[in-house]
Amino acid sequence: MNESNIKASYELAKDRYAAIGVDTEEAISKLETVPLSIHCWQGDDIHGFLFPNQELTGGIGVSGNFPGAATTPDQLSGDLSKALSLIPGSHKVQLHAIYAVTNKKKDLDELDPEDFSYWVDWAKQEKVGLDMNGTFFSHPMLKNGFTLASPDKDTRDFWIEHGKRSRKIAEYFGKELGQQSVNNFWIPDGYKDNPIDKLTPRLRLINSLDEIIKEPIDEKYTIEAFEGKLFGTGVESYTVGSHEFYDNYALTRNKLWTIDAGHFHPTEDVSDKFSAFLPFGKGLMLHVSRPVRWDSDHVVIMDDALIRMMRSLVRDDQLSKTNIGLDFFDATIDRIAAWVIGARATQKALLLGMLSPIDQLKEDENKGDFTDRLAMTEELKSYPFGAVWDEFCARNNVPVGSDWLNEVKNYEKNVTFKR
Ligand code: RNT
Ligand code: ZN
């Protein structure tokens, strides 16, 4: 895109926003301070490197076979670097335990921080932070669909050990990279059909989690986050780690609660949950995702649900207590494009939230002037937000508009399609 056009459009937009009391410069600087945690698993359809041929289990699934999926650490990190070069701002990357890079044969209960030194070296070079996820699925120790809540002690012990090791790895990320690494826990445990006992599995899960987090670790380096779910495919009747379960667990253990946008009933407004939790809780981790009729993990786009979520965090000034991670996987399209589309959409939604006269709107609301509130929020929808977004991209040295797509096409031709 022509540089002087970008500037000229931005200057006009800046004036339009200034006229309603919105400082576009402030919005641009603020957006620069919001890191996203980009999920590595979009790049290889959640295969990982430890057991790449293991079938994906735990009720999640990836559809499609677009050519060029990464199958080696260098391919995946290279693809991530490419995607990061097309996303404005500084970010983090979320790993999963199965992405360990080691030439020893190691199981999930044997992983050590050094098995992730490959990623730490890459993160230092790329100037990104790292977040962590233990991998409690796609493994033979998922017994009858259960891990930490299993009735079988050996099964629980295996996964408890894995959880403990995931904390050490996250702590290592924090120490090496000078950041707080969020260590997210999601387990698939539950039943396809109606259970008899709904309480005991939850009591077992509490015990297992308490055992995992028993040893104190400095929060400067890592903090745990717990992700609940309504249901999964094959786990339709009962999910041990439900939302209320983890909401309460996070509150009583002073940890983060993870809200995955795909894990609720489709008619629920996920954005409404943040302000109900945050006044009580330590903070949130988000898994920004797009459920199409179910938890389908479609690539995030700038739809109403995303706009509402990002807007709530901005309007309620809760960004500092919220870690925004992405979680989607679609193998029917270019995987690098998927990252770029989802990340840029999330940032656009944040910017849109920032480009509004929030104090004025709150004042209208408190005065009972609901006419002004409705009229203004409708008018804002056609304000020149795109010109500010373009300027943000230009200042951050990433392609403006759809120019990034050409780079992805070249990368396909020269790299991914040659695999
Ligand atoms: C599954 C959860 C979980 C996973 C990733 C791969 O429903 O959303 O976060 O998607 O850990
Ligand atoms: Zn998730």
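Every residue, even glycine, has its Cβ placed from backbone N, Cα and C.
Annotation source TrEMBL lists Mn(2+) binding site at HIS263, ASP295, ASP297. Secondary structure at HIS263 (Mn(2+) binding site), as computed by DSSP, is coil.
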Worksheet, complete the sentence: Apart from the site residues HIS263, ASP295, ASP297, the 8 Å Cβ neighbourhood of the Mn(2+) centroid comprises ILE60, LYS229, ASP260, ALA261, GLY262, SER289, PRO291, TRP294, SER296, ASP327
Discussion item. Validating a neighbour-count step here. Other CB atoms within 10 A of the CB of ASP297 (Mn(2+) binding site): how many?
Written reply: 25
